[in-house]
Structure formats: structure tokens, C-alpha cells
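Below: one structure, written as C-alpha cells.
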Ligand SMILES: Nc1ncnc2c1ncn2[C@@H]1O[C@H](COP(=O)(O)OP(=O)(O)OP(=O)(O)O)[C@@H](O)[C@H]1O
């Protein structure tokens, strides 16, 4: 099935109620929803006819012997079949509506998430995001699609009541007397349960976080032999859930017997009043049987009223959390008429001051000019701002003041897509997807041919090890590429950046896990493959630094010295200090 774009969006007006903001979503699927509601109403209309037919059947064919019993039986069988078929269709359409809405909502949230800048991801926790895009979306979808269906079922109570009134007014009132009580009790039970079920959800989410961390960090847990400690924290989380579940069970076992037995009270009342009326000749036996069926048929909708209120409360809380994401604007966006031109690779930082969203000052008056085709090494103590420099070149963040330019264009004037295509960044801990090596390398250029992928791998020094893998380029790497070594992952990441062939390449300690000879091979093939590429290498190793034509020394978010390795070594004592402190051979 082909992928479709979401049909609706959430109303951006934050002053509206959550339900009104979600209305476009419901409207976009109204045809499906109305079809399902109409079908379910039709099914219920057929359903309410059955007890009436039973009544007439008993009175005519069994008591008075004036009618043919089999005729009524066949009619009832026919109606039951028809109702079954209509209900099947109604359910089908209702579920389709639900999933279509969920699809749209998921896409809306996801589309917003991918547009969010890096600063947003620095702030939020991934576990929280996962929960929002999972259970919250589902809670909203459930209410929007199943809510109207429950309302229709309640509406049928009115129809059934009308039908009962047309048969026997006093008995209809007796039969309905317990229904409002069921409704009120159902609502009260849900109100009592709601805080507990909310607690259960929250504690399940906490448990999921503990489990997730244990699995993600399993290598560290094992390395520190901390399994026992982790198991204890898991048991504590599980214990808190057990407590909440026990409260839930206590409330349910208190309310459910009451709710289950009330209809029986209704049956007894109908038998008493109806029985007396039959004896007095005011009604028929068939009427008692029919009214019994009505009582049993009508109690689920009344019980569901409580469920609907609870679903509404949950959906409202979930919607608020989803809107919180959707209402967070992305500050790193394209200008109205962004420039998208091929870039030459002249990269300049002019008086750049930059603080991360949490307030950490990372660059403090950075001035640096990298000429097209030049290869520079950026060296400096930890936290001196080396990685930040690359992030600003690709506009992962916007500068606080000053400007970053490429070929004289402020990066904020360039289109983000074209900028990111032309500034390739390879981080030191690359992320690989659980796809084949081919697809990982071709991530930035999905339609690249195998030859191009292989050429990029060769340039990144990755071809030989890839060919030795069981299925070569088609080998699927495990989650995050953990089936590969650190150096192999780095080489795949370099190949991924090279395939896009960006005029500016930032290698952020990207060869730290690759051995020196392979690293030299990679750099010489990089030099051969594309002359004129501007390359910024954040380096900690002398071998890496020596590959650059020029070395830039950073301290406290500024360039404090600039020159060749030899000249800096001779003239800048702080360079020698940094090298001595952190640089390895
Ligand atoms: N995402 C972030 N959010 C907040 N502060 C950050 C973030 N990333 C880096 N910083 C801070 O910004 C400063 C510069 O960090 P940066 O990563 O650029 O340093 P670096 O020179 O690359 O360090 P290292 O050599 O240790 O990787 C540091 O003080 C760091 O703590």
C-alpha cells in the first residue's frame, strides 16, 4: 500500500479546548466515521427489534396459538444474522477510522519532531518522547473514534425505551429504573479508578525506562558486574506497579459486584410488576421476556458511560502532552526565500558567540576562515568548542551573535536541505541504522548505485572489511551497528558522508577508533578523490593532525593560535601543552 500524506493537522490555536483543536482530524475522516456510526446505529435498530419479535412470538405462537412458531424463529434468526453482518461492517469501519486517525496523528507528531532543532533534543528525554508518540497518540485516537460510537450505543437506549413505552408504559419505567443507577455507579467507579490507572500508566512508563536503560546499557552493567543492583532497581519499580495494581483490584472488586447485580434487581422488579400485571390481565408473558432482554441489552451502554468519561480524561491529558510538542516552534528554519546554490567551500566564522539552549557558553568570539579546498585540524582542550564549530557550520544551531558564512552567504540565508547536503559531518560515535551496510552508506543518497557505494567505501577504507562480512554489502548490521567494531562503524560513517560528496567535510574525531595506517590511507584517498574539498578535522591524535595543512588551536571557545604544526610547536607553548595533555600518537 502506498504511503499517504496526513489528511489533517491539529488546529494551532492554543486557546481552544483540546477537542476543538483535534476537530480537523475527525473532520478529515468524517466519511469513514459517519459510515461506521450509521452502520452501528442500523445494527442496534435491528437488535432492538429482536426482543419485540420474541414477545409477539411467545404471545401469538406459544400462548394464543394463533401464529406459526417457526415464522418467528426464522425472522429472529434472519435479524440476528443481519445484525451480525451490519455489526461486522460497523466495527470494520470504526477500526479503520481509528487507525486512519492514528496514522495522521502519528505523522503530524513525527513530522514535527523531525523538524525540531538539535536544541530541542538536548532538552527532552527520549523515553518521554517515545511514550508521547505511542500511548498518548493511542489514547487520543481511542477517544476520538470510539467515543462517538459509545454515544450512538447510548442513543439506542432512547430508541429501546421508546419501543418499551409503546408496549407497556408502567413496565417500561420499571425496567429502566436501574439504568440511571448503573450509569451513575459506572461513572463513580471510573472516577475512583482513574487516579490509580493513571498511576499504573506512569509506573509502567518508569519500568519501561528502567528496562530500556538496562538493555541499552547492558554492556556497562555487565562490565561493572552491576546486574544485582540493576535487578534490585527493576524489582523496586515492579513492586510499585504491583501496589498500584492491587489498589486497582480493590476498587474494581468493590464496585463490580454492585454493577453486575443491579440488572438482576431490574429483572426481579420486571418479574414482580410484570407478573402481577399478567395475573391481572394487563400485559402478556411475552412482554416480560422481551423486557428482560431489553434490560440485559441496555446495561452495557450505561456501563460504558463511565468508561467514556475515563477515556476522555486520559485523552485530554495525552492531547495536552502531544500539543506541548506541536506548540514548540522550531527556531532553526528556512527563511522565506532561502538560497540553494552549489557551494565552493569557503567557510568563515565571524565574531561568533554561541551558547547552548541550557546556557553553556561554547563559543566566545570565534574568528576563523577556511579557504576552499583547505584541510585544517582543530585542536584544543576538552570543552574548548571544537565540536560546536562543526555543528554551527551545518546550522544544527543558530549562532547567538556574529555569523557563519559559506562562500559569503550567511548559513541562515541558505536552504537547510541544500546546506546540510553540502556540509557533511561525521561524528566520533556514528549512528548506524539496523539496515544493510549498503543502505547505511547510501542513507544520504538512497538511489545510489552499488558501484558508487563501493567507491565511497573504498575511499573510506571500509571496502575490505565489508567484503569479508558474511553477506558483504548486504549484511544487516545489528541495532546501532553494534555488530561492527568502533573503527568499522566510523569507516561506514565516513563512506556515508563521502557518497553525498559534500564540498565541506567536518570529521569530528571521526577516525579516533581507526588505526593509524588505515587513517592515513583514508586521508590520502580523500585528498586524491576530491581536490578542492574543504575539510575540517577535529583531532586528538598527532597522526591525524599531521594530515592537515594548517592547525587551529582553540581555547575557551576562541581561536588562540593558527599555523602549521611545526610553526605552532615552535612558537606557541599552549599548543605543546595541549598536545602533551591529550594528544596520542
Ligand atoms: N548539547 C549541548 N548542550 C549543552 N552544552 C553543550 C552541548 N554540547 C556541548 N556543550 C558544552 O559546550 C562546550 C563546548 O563543547 P564542545 O563539544 O564543542 O567541546 P569540544 O572541544 O569538542 O570537547 P571534546 O574535545 O571534549 O569533545 C562544553 O562546555 C560543553 O559542555
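Every residue gets a Cβ built from N, Cα and C, even glycine.
Of the given residue ranges 142-165, 190-213, TrEMBL assigns the label transmembrane segment to 142-165. Your range for transmembrane segment, going by TrEMBL and the list 31-50, 51-70, is 31-50. Listed ranges 72-94, 95-117; the one TrEMBL annotates as transmembrane segment is 72-94. When Cβ-Cβ distances below 8 Å are used as the criterion, the transmembrane segment (171-189) is approached by residues 157, 161, 164-165, 251-252, 255-256, 258-259, 262-263, 265-266, 269-270, 273-274, 277, 283, 287-288, 291, 294-295, 298-299, 302-307, 309 of the same chain, each at least six residues removed from its ends.
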